[in-house]
Amino acid sequence: LCCECGQAHPLLDNHLYNFQDEVDDELICHICLQPLLQPMDTPCGHTYCFKCLENFMQEYNFCPMDRQKLSFQQCHKSSLLVRNLLDKLIVLCPFKAECQQTMQRCELEAHLQNRCSGFKKYKSELQRKKNPISKGKEDPPAKGDTNTPKDPEVPSGGSSLVAESSGAAVVSLGTTEPGLVNPAFEETEEGENLPQRTSLVAETTTIEIHREDPEEELGMRIVGGKDTPLGNIVVQEVLRDSVVAADGRIAPGDHILEVNGVNISSVTHCQAVSFLRHPGPVLHLMVLQEKGFSNKTAQQDPTATNREVIHVTLVKRDRSEPLGIKLIRKTDEAGIFILDLLEGGLAAKNGKLSRNDRVLSINGQDLRQGTPEAAAQIIQTTESRVNFVILRQPGVQLGEPVEDGSTSNSSSSSSNGGSPVHHRRRPDQNHYRRKSNYQKKTVAIKKEPKESLGITIGGGRDNKNKLPIYVTSVQPIGCLFRDGRIKRGDVLLSINGIDLTHLNYYEAVSALKSNAASHSVTLKALEILSLNSPEPALDIREQGFSWSPLWITWLGLPSYLHFCQDIVLSKGNLESWGFSIVGGFEESKGNQPFFIKTIVPGTPAFRDGKLKCGDEIVAVNGVPAIGMSNSELIPMLKEQRNKVTLTVVSWPGSLV
């Protein structure tokens, strides 16, 4: 049986599918009389399967329908809209006896490979036949199961069950904004994009965290902030046995929007840490959780009572200019909504669209029951004027047009069809990456042989994040406290000429102790001096927090102190890599690092478990990413069909 469609057919023939409903005649190939696969358009206006047309043209030189003269080179792939409609056709799992699930046609291969018990049993039986010696060692079949799977057949009544979602958190169809890998679309052998899911469902949830000790840490690490390419505050890790872990509702990848009613979606990293470290018995958090892709049929349009209908027109300079809008679907309401506006994009500069606006129509096309893909398709094919009709809840404030570059770049997909956002150069533009300068210092002190250095350290290359050695405290005893030049947070480079940058923790402790026994000690250290004034809230008493440098501090380290690791991801032909990225070179901001922004459950990146939100991508398959724009890095990632090697630097998020 074919591993992609689960049915028997000659290797070079089209795949076979059992469709749940009768397929419209407009979507049928008139050579094989089956729903189109890899549809190709002829100049005379007819559409056929790629393989059907290719085979036909090897013998004939005319169109099968109207017999007009034709060559295969004149034909081209059908529009993305047609291909999406075809791949969204609902099919039945061919293993009726063991599996009654239905799914979109493009999802069948992933279903067979990862979730179908019938196909799994079929493969096990094949393995037994190939290796009869191991037959007796296999687990016995479950009660009621037969030893061999039944032949695939069409169920009489198709189940409405939908295969589990494993797509990546990307909304708009083929809309790869600057800083985004659109992992919901992977190129096929013919170079076309196949949709893996319908549309992204994101849910905003209010969570109350209760603490018996008001000063107990929450137990999670965060990354992001408006002073980084990530924009939003993102949960990187939830620590085991912590308050947040015990609650169980917050997970890595969640975006924290509010803390105790204060909007932190566009604050600096340090400010967000301060808000989240604020003591109290109850903490109210509003988080955005991307739930994956929904195949549910949209419900009837709810009443729009007490809402305001607004007309907004955006004018593109050319067809390829992006609007910079992130669109989503919600679990509890039909239609599509604006989740975010990309800084520097046309919509943000216009200032009339707002987050949480519901899109009723675009250019006169009704989208009340629409999807983000449909909206993106309309926007991408519009030459100039894009007319929105939106529905707004009363009291929602309009965002001001972006002029100073202070708005967070927190969007994960936009309606730009893969084109970069062309920012206009603005004076005094702040870089997303915190500007820092490094002060190397050499501290030479005379001391008594029995006098200790009086410091504690953290890090080490045996640490989970392979950190350099840094000072966690300077005790009020010892020669370094008296000298005053070594401070908490300094990165130690060497002691008496012994390099500390490649040592593990215990090796560094041993080196410091052995050299502290001499009459003189020479320490070389690195102090990161932020150009911004320090956040006063971070200088308060630690109140039980185990001190470690903030995530944003690590970003300022020089590259020779980075510890790079290779992460190898593998996937099937129709799977997504399952992550999105932000950052890269922009004319108005210069070079920015690429960061992992989202990792979607069920995808290769999630299953591998090594990649984390906030990780910095240094190279792809050995090719350095520094200096690249998104429009250069994204195609490189998409070109990798089944395997990709990401070289990343992983810094621990700030502990709150």
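Keep in mind that glycine also has a Cβ here, set from the backbone N, Cα and C atoms.
Copied from TrEMBL, the annotated features are:
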DOMAIN    29-67  domain 'RING-type'
REGION    127-167  region 'Disordered'
COMPBIAS  135-153  compositional bias 'Basic and acidic residues'
DOMAIN    206-291  domain 'PDZ'
DOMAIN    311-394  domain 'PDZ'
REGION    398-443  region 'Disordered'
COMPBIAS  405-419  compositional bias 'Low complexity'
COMPBIAS  421-438  compositional bias 'Basic residues'
DOMAIN    442-527  domain 'PDZ'
DOMAIN    566-652  domain 'PDZ'
Query raised in the report: Apart from its near flanks, which chain residues at least 6 from the ends of the domain 'RING-type' (29-67) lie with a Cβ under 8 angstroms of it?
Result: 12-17, 19, 23, 74-78, 82-83, 86, 89, 105, 188, 190, 192
Query raised in the report: Out of 206-291, 311-394, 566-652, which stretch has the largest tally of CB pairs under 8 angstroms to the domain 'PDZ' (442-527)?
Result: 566-652
Report summary line: For the domain 'PDZ' (206-291), the averaged pLDDT of the predicted model is 87
